[in-house]
């Protein structure tokens with residue numbers, strides 16, 4: 001094998017013999033069948049050959065550095081979005097059209113429950129934060145008002161205590177109990193909906209830690225919000241309700257059993273994420289569009305209606321309960337956790353369009369700066385802050401700084417305004433005169449959501465230029481540092497607050513240029529700045545426009561918002577990726593883009609595939625199945641008719657040649673996919689020289705384990721063919737037993753299993769001459785986990801899984817773009 005490297009250090013691999021890994025667990029470097037350049041338009045004269053050690057793993061360990069963004073982790077597996085079609089599903093004649101109608105009705109019931117429960121979680125979070133925050137900030141107000149007698153140290157100590165204690169609790173829960181609850185959870189939900197199995201993402205323990213964690217983050221004074229985590233919480237609720245059981249508590253309610261598969265669960269999780277947006281912003285339409293634009297990778301018309309129904313239920317439930325809680329029963333005045341308040345006059349002139357574009361440019365630049373700084377900080381954390389106690393200490397340090405910075409600003413900046421000109425919940429006099437209050441103290445002594453509303457609705461002159469400038473810089477840096485700390489919290493509110501602050505500052509600048517202009521409203525430009533900043537960071541356009549329109553209750557301002565967001569996205573994309581995409585890349589998650597890489601038609605399945613492939617026969621011995629499962633971590637195995645049989649395994653099981661062996665050393669189809677933990681590469685036996693077997697089907701690892709666990713053998717009379725049902729596989733979903741949990745006696749090893757009853761009789765396959773874009777479109781559009789590569793005789797010659805496709809990634813930077821081949825690591 002030769003590994004060729006361009007001067008830009010992008011890997012090109014050529015080979016006549018392939019050691020592959022598989023889709024969801026594919027090894028680090030992939031090989032090709034012939035000396036063919038993988039990346040287009042690379043001059044051979046510019047390449048230099050590199051010597052490598054005999055094993056692929058050694059190459060990876062010595063060349064891959066933590067924190068690199070050009071690496072895919074082989075630890076991630078794929079979900080089975082493709083529906084299984086086999087003898088059992090085709091023979092289940094008991095299903096009728098009445099069952100189809102009942103199942104469709106059950107979907108509407110589940111979406112209704114998702115909406116109600118997601119709203120209840122949002123209500124609990126909101127009321128908890130409100131109760132604790134009132135106590136915290138009213139106490140701080142008393143100490144700050146008495147600081148003339150006690151000095152600054154006493155209020156500082158109290159503030160530190162109020163910040164450190166909750167943040168410490170939340171960080172300990174995230175670090176030691178459930179690390180997947182870190183952050184907003186939006187990148188992980190996005191990857192799950194893309195078809196990637198994210199461990200522990202939708203478990204009840206994650207929901208509990210997430211709920212408590214986001215409360216402690218907000219009341220702990222960190223630059224984080226509860227809106228992002230609400231999306232993750234909604235996804236967890238949807239995943240749990242739709243299955244009708246709890247694996248964490250070991251309880252099965254014996255309902256919704258027909259939804260226990262990845263395909264159905266995916267659609268419910270899409271609705272849960274949308275319900276989370278609706279609960280956070282009171283934006284049901286925005287929730288649907290968010291799930292479509294930023295979350296779901298698979299969509300259909302009927303799903304749109306059901307998700308919209310769920311978001312409406314969420315908004316209505318939250319509205320009714322919170323309106324009653326805040327003393328306005330029946331008025332429905334609290335549509336979301338984040339209430340921007342109504343903008344009754346958002347008129348704009350044609351001249352202002354240029355200023356909106358300018359705000360979008362600035363938001364794109366600051367968003368790119370935010371992402372770049374956070375990227376470098378995240379890389380530093382990955383490389384040097386892996387110890388769990390260090391993560392907790394960092395969270396505590398951020399909490400301390402988040403207390404010190406405000407109190408230093410309050411003491412050092414004398415910005416006083418008369419009382420009564422704007423609504424101030426905790427007015428601190430400090431060094432101001434009688435009848436006045438410190439504006440910075442009022443801004444810091446409230447949760448960030450209320451600070452956003454303050455920026456949007458306080459009258460002109462509520463804040464000085466210097467005060468706003470210092471606040472923008474400090475809060476921007478705090479939010480950059482906070483995102484990625486081991487706590488639960490989102491980026492929406494910090495970006496909205498930062499943008500609203502510099503947007504209001506922008507209005508003061510315009511006022512100085514056009515002193516007689518009546519169209520300059522600080523609240524209007526604060527809204528534009530908030531949209532520009534958030535759009536520049538997360539690169540959302542359509543859904544964010546609708547969310548802001550619904551949150552402000554003014555549809556006439558849609559054009560300026562869209563213009564600002566598109567500009568911010570274009571400018572930001574010129575310099576960096578979006579924040580969520582950056583964190584996905586740093587995690588090594590094999591996310592598939594919407595479209596295949598351009599100009600890649602010269603790359604064919606012959607180059608992309610992993611091989612040789614471990615194959616099984618339609619009638620296979622238990623011993624051979626057990627040996628294969630223990631020797632590999634692949635999750636999908638082609639079933640072939642071997643022609644001819646050339647060798648028998650020790651227990652009498654025959655195996656196919658050239659693509660079918662007992663071990664997929666680097667399975668490209670098995671090892672690359674979750675199904676093939678190295679899903680297509682199987683290390684072949686040198687003694688097998690015959691042609692591979694003819695493809696007749698494909699069976700999953702989980703199916704094999706269930707068959708052996710229940711001893712569904714040909715010789716076992718307790719399992720006649722007419723009593724078999726696909727329900728036996730749904731009962732174990734989603735946590736299937738491990739092969740090490742199976743107990744197989746020596747006598748059982750000689751028994752046989754009729755795999756032709758359970759295999760997918762029509763697996764998707766492509767010719768080895770099929771181009772990469774064509775394979776990508778098939779794989780991406782159908783949500784596949786494996787694609788079998790065959791030759792002209794329909795003989796298995798390889799497998800293609802997610803990692804085989806995800807390793808070809810398009811990069812864009814500074815107006816340039818290109819195609820790079822990623823490395824695959826088993827240690828990331």
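Cβ from N, Cα, C; glycine included.
Unlike curated records, TrEMBL annotations are generated automatically.
These features come from TrEMBL:
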- 14-46: region 'Disordered' (REGION)
- 31-42: compositional bias 'Polar residues' (COMPBIAS)
- 105-133: transmembrane segment (TRANSMEM)
- 153-177: transmembrane segment (TRANSMEM)
- 207-225: transmembrane segment (TRANSMEM)
- 268-291: transmembrane segment (TRANSMEM)
- 303-326: transmembrane segment (TRANSMEM)
- 353-371: transmembrane segment (TRANSMEM)
- 392-413: transmembrane segment (TRANSMEM)
- 462-484: transmembrane segment (TRANSMEM)
- 491-514: transmembrane segment (TRANSMEM)
- 526-549: transmembrane segment (TRANSMEM)
- 640-692: region 'Disordered' (REGION)
- 652-661: compositional bias 'Polar residues' (COMPBIAS)
- 662-692: compositional bias 'Basic and acidic residues' (COMPBIAS)
- 759-817: domain 'CBS' (DOMAIN)
Practice prompt. Tally the residues of the domain 'CBS' (759-817) by DSSP class, grouping H, G and I as helix, E and B as strand, and everything else as coil.
Written response: 16 helix, 25 strand, 18 coil
Worksheet item: By a Cβ-Cβ criterion of under 8 Å, what residues six or more beyond either terminus of the transmembrane segment (153-177) are in contact with it?
Response: 132, 136, 139-140, 143-144, 146-147, 205, 209, 212-217, 219-222, 388, 391-392, 395-396, 398-400, 402-404, 406-407, 485-488
Worksheet item: Does the transmembrane segment (392-413) come near the transmembrane segment (207-225), with 3+ Cβ pairs under 8 Å (pairs 6 or more apart)?
Response: yes
Discussion item. How about the transmembrane segment (526-549) with the transmembrane segment (268-291) - do they touch, taking at least 3 C-beta pairs under 8 Å (6 or more apart in sequence) as contact?
Written reply: yes
Discussion item. Quick check for me: are there 3+ Cβ pairs below 8 Å between the transmembrane segment (491-514) and the transmembrane segment (303-326), leaving out pairs under 6 residues apart?
Written reply: no
Discussion item. Is the transmembrane segment (268-291) in contact with the transmembrane segment (105-133), using at least 3 Cβ pairs under 8 Å (sequence separation of 6 or more) as the test?
Written reply: yes
Practice prompt. Would you mind listing the long-range same-chain contacts of the transmembrane segment (353-371), meaning Cβ under 8 Å and 6+ residues beyond its ends?
Written response: 476, 479-480, 495, 498-499, 502-503, 506, 510, 525, 528-529, 531-537, 539, 560, 563-572, 574-579, 582
Worksheet entry | Cβ-Cβ under 8 Å with the transmembrane segment (303-326): same-chain residues at least 6 beyond its ends | 107-108, 111-112, 114-116, 118-120, 122-123, 126-127, 234, 267, 270-272, 274-275, 277-279, 282-285, 287-288, 291-292, 332-337
Worksheet, complete the sentence: In this predicted model, the domain 'CBS' (759-817) has a mean pLDDT of 90
